[in-house]
Amino acid sequence: MTTATLAPESVGLTRDEYEEIRRRLGRDPSPLELRMFGVMWSEHCGYKHSKVTLELLPAESPRLLQGPGENAGVLDIGGGWAVAFKMESHNHPSAVDPFNGAATGVGGIIRDVLSMGARPIALVDSLRFGPLDDPTSRRQAAGIIAGIAAYGNCVGIPTVAGELVAHPGYRGTPLVNVACVGLLRHGDVARSRAAGPGNAVMLVGARTGRDGIGGAAFASAELDTGSEREDRASVQIGDPFAGKLLIEATLDALRAGGVIAVQDLGAAGLTCATSEMAARGGMGMRLELERVPVREEGMRPDEILLSESQERMLLVVAPGATGRVAEIYRRWGLRAAVVGDVVAAPSLTVHSGGTPLVSLPPYALAEAPVHRPAAREPATLRARWTMPDLPMVDPAAALRTLLSTPAVAHKRAVYEQYDHMVQIRTVVVPGAGDAAVLRLPELSPRGLALVADGDGRLADLDPYRGARRAVAEAAANLACVGAAPLGLTDCLNFGNPEHPEVFWTFRQAVTGIADACRAMRIPVVGGNVSFYNESPDGPVLPTPVITMVGLLEDVSRTCGAGFREAEDIIVLISAADPDMAASSYASAVHGIEAGRPADVDLDAHQRVLAVVREAVARGWLSSAHDCSDGGAAVAVAESAILGTIGADVTLPAAARTDAALFGEAPSRFILSLPEDRLSDLQVLAAVHGVPVAILGRTGGDRLRIAATGQREQGWTIDLALDELSRAYESLADIL
Amino acid sequence: MRFGVVIFPASNCDRDCVHVLRAVLGQEVEEVWYEERSLDGLDAVVLPGGFAYGDYLRAGAVAARAPVMTAVRAFAQVGGAVLGICNGFQILLEAGLLPGAMLRNAVLRFRCTTVHVRVESTQTPFTRTLREGHVLQMPIAHGEGNYFAPGSLLSTIEEAGQVVFRYCDADGRVTSDANPNGSVRNVAGVCNPAGNVVGLMPHPERASEEVLGSRDGRLLFESVITTVIARREAPKQSRLYEIATGLRPSQQGRSPRPFGARDD
């Protein structure tokens, strides 16, 4: 192999980065080595623009068994059990090939959790599309949902929670963020550090083909209009059948002993897995390419090294155990081939037919250079904080409009396509409560609660506050089902970080998450950054998405969002006044996205959450629902629709009727409860210094709301539940 | 009693069935690998849901040809109780152990939701202790659950009492609104002529514990336990024996008939 003639730009690297490679190697890289650097130093693998900023995120927790830096974070949940979880994006592949892009996103995150030694027990997906009346966005949405369903359903992991938002800011660049949660015993935590010279390196699972070559580098480039045609070769095809076999076989192999380290093969395939495992262990690795099981004859070394064929894992195995490991995979119909071994010298060497092709220090590949991009506040940001006067509109029509917007509307049309009950853990199914609840028979009566939250519109208007609000909102959703936060994983979706305004926005968002997590003592145990989400129209809405995992002491004492009994008392507990700035109402009804989002007072927020959580855990409440998109009116309407019980409520007066109905603020909840529990709740709230306002009662088949503070002045909204339900089920006609 | 739960590659409700039978109902359970060629020592066999062989080719098509199916066929032939749930039902259809075929859901999408079914026949070990018209609430989760049988076959199995469950509303009315997948005449489950092999699309194992919202599915498992144990152990004079075998005391001395056989 000659040292000549491959321009760094052709593998996505800059001249400076090329010089850095030369400095690290003390020589020119070969073209093959340069291609390996190209994918490993891509943003997707190397986190070169985000690494410094991500260090702001706190991971401290007394429950922490494994923080960021492994394939997934692991937290103790008591009784010798732990949860492993992680969220990742698969935005670029899903833009080009919605079905396969989303499906392989699911497969990839499952393998991340599996490689911690955990059995995957739940999936969460957070989706962003362009407007659903736009044909391309609709096609992408349908394909992405079908892809998630096809993979998740087949592998038998329930998809239990998620988000769906449609906004022009995602036109052409849909976001597909998928999280997986796994369960394991403390003693079974697996890691990816290569150790023990002489140990075998085994490639297990599917064979290696020509698919997905250069996918990581592709994920780090902006899509242009020709992308759909030219980039198809960069999209991998998932095989959920092989994925399911890989889960079972790998769990069997880990339990059988002799497996020292495990890593999934995702972006950058063998190049990434070998260099990262070796680098983490401070070891070297020798790889013999002719031992790699390939799908087709005549694959070139670079194709084998960079292939992103799915459903593969790399194991480091004690020499005496390779036969047993191979037999376990064979039993599940999969291959397990010894492709090399661990060596003491810190060098990753690749041979083909005895010829050495590559010899690199693993850390040189795995530790991409760190960039500190310029940051600048977007020039137009502050101007957008001025909220124009909104004209008055028919409140009933506005309520119907809000209920039918995709972010608010019932997601039945989506989650019915997902098996959300397999593994028989799902106690609160998607749509029934503010978060999904899974029972843990291993720790009965304890359970887990899962939720995903993010708001690109808020983050666009104030990334710091928007990110804090996302963390606060996730914790609020958990409180409604009676769960306390254990930890979170985040997916940070932004445009091109080389644009100073995009990078400033990113850094503000990370700072917001970090501050909120410190204040609420919630560890960030892992996550993912997706940059370069840009279409010809510009960057996507900056979208930090949080997947938060919570713990319940008793799943039989959880709570749904729908009213449960007629003649219950409806109360609003709240630590903030509603505001029209950056509200869904201004956006969905008036087409205005302006105003500075209110910040969340995290101390007050924590106190309100404590009240809600305790009231749920004591079994006082019939329903608990947090006021988010569309404010108190939408929250009451949702509780009524979900419970098929009407209500008469009087909302506290505000400066304007529409602000009382649809104004938004964090830390506000609509609860319903039997009258004889009201005084208990009031005492509890008083202890925490949280105001409780009695709004009215459940009952009947209409929703009647007085927004003037006084019922005598007549109903501001008076609608039949059927009519509200029709608006709320709007997605049924679309997806 | 002793259940077998068959594990095909990519079965994914096998662990759920094992949990319900073992931990909830306290039965002995053997996990039967798909390469197994004998089911000796088992009293009943469950083919669980999932995506055996990824449902590649056609749902259940490859699994129906797995080695264990030879043993399942032999087990069924001597009157052994066999329950196919969801993918297990599809496999039994593909194996020819049950009549009819599955089409894609009329909505052309996978559907996971909770449905009601009405018990149409109590002449199977899985429904023997229920009553006709009993309404059960259970989840479904499938993409190919649109049961089809051509008119003549449908008439035959309906007349022979081989339709075991139909989708219905909460009050037991068999309506098109209550049909989640387009199945012909709302058929949700069928049995073979002898009644000992039953397939259904809903998941009884997902409705066997109160915390999951319904315990109706448990009735199917409890029925087969009662039936099999009674067949084996109950004194021949007893009502239990009568329930289990369909034999009235006057018919004693004749050997027990296969499940579902009728007086002529």
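Every residue gets a Cβ built from N, Cα and C, even glycine.
Feature annotations, reproduced from TrEMBL:
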DOMAIN    A:10-48  domain 'Phosphoribosylformylglycinamidine synthase linker'
ACT_SITE  A:H44  active site
BINDING   A:Y47, A:K86, A:D490, A:G527  ATP binding site
DOMAIN    A:69-183  domain 'PurM-like N-terminal'
BINDING   A:E88, A:N528  Mg(2+) 1 binding site
BINDING   A:S89, A:H90, A:N91, A:H92, A:R111, A:Q236, A:E308, A:S309, A:Q310, A:S530  substrate binding site
ACT_SITE  A:H90  active site, proton acceptor
BINDING   A:D112, A:D264  Mg(2+) 2 binding site
DOMAIN    A:196-351  domain 'PurM-like C-terminal'
DOMAIN    A:433-551  domain 'PurM-like N-terminal'
DOMAIN    A:567-701  domain 'PurM-like C-terminal'
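The 10 Å shell around the Cβ of A:H90 (active site, proton acceptor) contains 32 further Cβ atoms across the protein chains shown. Spacing of A:R111 (substrate binding site) relative to A:H90 (active site, proton acceptor) is 14 Å (Cα to Cα, whole number). Proximity to chain B (CB-CB distance below 8 Å) holds for none of the binding-site residues A:Y47, A:K86, A:D490. In this chain, the domain 'PurM-like C-terminal' (A:567-701) does not touch the domain 'Phosphoribosylformylglycinamidine synthase linker' (A:10-48); fewer than three CB pairs sit within less than 8 A of each other, excluding pairs fewer than 6 residues apart. Under the three-state DSSP scheme, A:S89 (substrate binding site) falls in the strand class. The domain 'PurM-like N-terminal' (A:69-183) and the domain 'PurM-like N-terminal' (A:433-551) are in contact, since at least 3 Cβ pairs between them lie under 8 Å (pairs 6 or more apart in sequence). According to DSSP, A:G527 (ATP binding site) is assigned to a strand segment. Counting Cβ atoms from all protein chains shown, A:K86 (ATP binding site) has 27 others lying within 10 Å of its own Cβ. Look at A:R111 (substrate binding site): DSSP puts it in a helix. Distances between the Cα of A:D490 (ATP binding site) and those of the recorded positions A:H44, A:S89, A:D264, A:E308, A:Q310 are shortest for A:S89.
The DSSP breakdown of the domain 'PurM-like N-terminal' (A:433-551) into helical (H, G, I), extended (E, B) and coil residues amounts to 48 helix, 41 strand, 30 coil. Following the DSSP three-state reduction, the secondary structure of A:D264 (Mg(2+) 2 binding site) is strand.
Reduced to three states, the DSSP call for A:Q310 (substrate binding site) is coil. Among the binding-site residues A:K86, A:E308, A:N528, the ones whose Cα sits within 10 Å of the Cα of A:H44 (active site) are A:N528.
For the pair formed by A:N528 (Mg(2+) 1 binding site) and A:D112 (Mg(2+) 2 binding site), distance between Cα atoms is given as 12 Å, rounded to the nearest Å. Counted with DSSP, the domain 'PurM-like N-terminal' (A:69-183) comes out as 47 helix, 44 strand, 24 coil.
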